[in-house]
Amino acid sequence: MVRNKAFLLAYAIIGLAIIGVISQLFTNTISFLMSVLMMIGFAVAFFALIYFFFLRRGNSSNDAKKYRQAVKQSKSKYNPKQSNPNHSASQRPQKTVTKKKRNKRASHLKVIDGNKSKRKNRASF
């Protein structure tokens, strides 16, 4: 019973708040819009302060440093370096060595031979 009364009280407060907002919207529109914009502005400023002062400081953790180092290594590995064309022209032309491709088998894959005679006997009756 106490729980039902609490729910009724909560619904009554929410209903009165909705009625108050609607009446404010129709009777005093300018002040209503100004108060809504002020609430939005304060909320944005509050979250910006929290972000810049608390959340941003924790970003310089050891994991972030490792990630930045990995990105730097990846860029240096995969981005081709610009070479001087005059320097490369002065070098003697290198022979193009074509290596025969070998078909490597993946070491982590394994073929399991099953008992194939069982399968044949099963379908024979």
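Backbone N, Cα and C atoms are what each Cβ position is placed from, and that goes for glycine too.
Annotation source TrEMBL lists transmembrane segment at 7-26 (among others). Same-chain residues lying 6+ beyond the ends of the transmembrane segment (7-26) with a Cβ under 8 Å from its Cβ atoms: 32.
Within the chain, the transmembrane segment (32-55) has long-range Cβ neighbours (under 8 A, six or more residues past its boundaries) at 21, 24-25. The feature transmembrane segment is assigned by TrEMBL to 32-55 (among others).
The annotation region 'Disordered' is assigned in TrEMBL to 63-125.
According to TrEMBL, the feature compositional bias 'Polar residues' maps to 71-96.
Annotated compositional bias 'Basic residues' per TrEMBL: 97-108, in sequence order.
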